[in-house]
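For reference, Swiss-Prot has these:
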- 49: active site (ACT_SITE)
- 95: active site, proton acceptor (ACT_SITE)
- 52, 91, 508, 545: ATP binding site (BINDING)
- 93, 546: Mg(2+) 1 binding site (BINDING)
- 94, 95, 96, 97, 116, 240, 312, 313, 314, 548: substrate binding site (BINDING)
- 117, 268: Mg(2+) 2 binding site (BINDING)
């Protein structure tokens, strides 16, 4: 008999984020009313954060299979075959709401959580990336949020000993009070068998390892599935507290345990803690789990069953272990200074049964919590929202005529979204483990060397590497979520191609406002459609990811301020030879500069434009128009050409055109090398601002030295469908000179550009 003390049902439903209809469904499934602990279990497991009740039908449209995909959606992380015996686990997740109320710990535990997803699969973490969004830094509150978030990421990653090698940071008023903190991790498989999470073997013991359980992080999953308001500051107990040094030991102990073969299933305790780990293990295995809370190592006294089940204390894992091997396994963890306790067993009956003080504290069908969960039905708008349709009527002719190209470029280089992120990157240890080939700022994607992992002699030493990037043009997504999401996938693939990596697979983090408004759900649905289309065309299946909804903040007048929809794309690619990796800096004077993709003078190509561009926002102070429509077939062809040129050793540099367009990309390569350029652009009938600052067009800038010129011409001659335009050359004199047919349009010292570019963030952060 399940104990069931009386409680205020209406108040409890509100606390758990459940609806009256959810109560009715829970009662139907149980055949009785749930007790308070059981209601808490349903509250976290039926939240958007855990069960994707608003987004699951949309996610089902993603391509998830491919010849390199070893593990797709449904496990703790995706796994791809990199070749040469190397298998890579990777995933991205958000910690947005916790970071809004407690930026340091919210961001730090986001890093800890994504690392656990990786090593739970049997993979050793080798790299971290992140995608961050903040409000304007003119607001001291946003400065404080950014300082805390970056410090938290740096603290956890640096202490645990995993390099933070890449990422992106962008700013917009829509993120004020609701920052986005998305963390991505990569890991190399160390075990012959990939460790799965489904419970196996009736009677097998269930073992808890890691840290103790306390009251921190209570209800974190439900908290992450609600809007933010001024009262959210009172929810600091819903933010977990991490210990990276303990996690470092946990990584080593877990990898040892997995290598022993004693562990048959593993699940980390992240969102929803013990409730999620037990129910997911049971549901995925088609079995049940019995859990005795009296055996769970606790750091506080007097904890209730509800508190044990919903605690999100960090650095904890749950294992199903081969019968008879539990004592040896627990001794292994204790040698690492970690807690280890036998807390339950696998049941034949597919239920989650929880014992506390010798009585049954909860008993729930496993699938009711982790498989057969509710799906919200939303009507999809048949036409785009009226406000967007009105904005789409804007044309480039409404922009004022560009009068000072040099001043416009300097303003763009001072834009915190475009400017150097060295203020951020210098806080991260990018070189720990000594495998980082290229990190943030030096190239369009990070590259990490693949070395034989400890205790795994089956992987021969090689010159292979893995490249990774995170991308999202949130201005484009705000105006057209389908085109913007396509552009996010396209830019990620282009960034990988620019270092010579073959794009392989995607992990996505969908950061969106409430789906309960017609516009909110339409934005989410259109972005999912865009991701699906782009991933199919570019042959990059989705292996999993994260959905973070209700990213909006209640204003003083009671209205909700939604963020720009931000579908962040994390993408990984294989590098056959790290000695060929290409960076964005010019290499030597005299090298010829080429533009691959839509030429600058093309004033009509729909894949290139100023709508949604950094230049438009800088000039008008707002966004308008419909962003360019990505040509995914051209995108694939451009990427293929760039990768082939790098493989043949023909390119001295490669850099994609994204925020700020052609002029900003050229300036960035000058700043990175302290070399100049002499470039002549044909303007044709196009306006100068379009030639210099338009975005889109599947464009990559490359430089080629004289010795490689014949082979380069032969290669581009074999790709006649692609437009390749020679722009000019690299110069020893560090000046950025851009001419049109009629005159010098822009002439700036590279040193002046660099000073603006590098000082933009420190100046706003009030630091050196």
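Backbone N, Cα and C define each Cβ position, glycine as well.
Annotated features taken from Swiss-Prot, shown on the structure.
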residue : record                 : DSSP class
49      : active site            : helix
91      : ATP binding site       : strand
96      : substrate binding site : helix
116     : substrate binding site : helix
268     : Mg(2+) 2 binding site  : strand
314     : substrate binding site : coil
508     : ATP binding site       : strand
546     : Mg(2+) 1 binding site  : strand
All-chain count of other Cβ atoms within 10 Å of residue 268 (Mg(2+) 2 binding site): 26
Fewest-neighbour residue among active-site residues, criterion Cβ within 10 Å, set 49, 95: 49
Residue 117 (Mg(2+) 2 binding site) versus residue 545 (ATP binding site) - Cα distance in angstrom: 11
Those recorded positions, out of 49, 91, 94, 117, that come within 10 angstroms of residue 546 (Mg(2+) 1 binding site) at the Cα: 49, 91, 94
Proximal residue to residue 268 (Mg(2+) 2 binding site) among recorded positions 91, 95, 96, 116, 314 (C-alpha distance): 116
Non-site residues, in chain order, whose CB comes within 8 A of the mean position of the CB atoms of 52, 91, 508, 545 at ATP: 59, 73, 92, 93, 507, 509, 510, 542, 544, 546, 547
Cα-proximity to residue 117 (Mg(2+) 2 binding site), 10 Å cut-off, over recorded positions 49, 52, 91, 95, 312, 314: 91
Residue pair residue 93 (Mg(2+) 1 binding site), the residue listed as 'active site' - Cα distance, angstrom, rounded: 10
Maximal Cα-Cα distance (Å) across residues annotated as binding substrate, namely 94, 95, 96, 97, 116, 240, 312, 313, 314, 548: 21
Cα separation, residue 95 (active site, proton acceptor) to residue 314 (substrate binding site) (Å, whole number): 14
Candidate recorded positions 49, 52, 91, 95, 508, pick with smallest Cα gap to residue 116 (substrate binding site): 91
Closest of 49, 94, 95, 312 to residue 508 (ATP binding site), Cα positions, recorded positions only: 94
Pairwise CA distance, residue 91 (ATP binding site) versus residue 312 (substrate binding site), rounded so that it is a whole Å: 20
Protein Cβ atoms within 10 Å of residue 314 (substrate binding site), excluding its own: 29
Diameter of the ATP binding set by C-alpha atoms, the set being 52, 91, 508, 545, in angstrom: 17
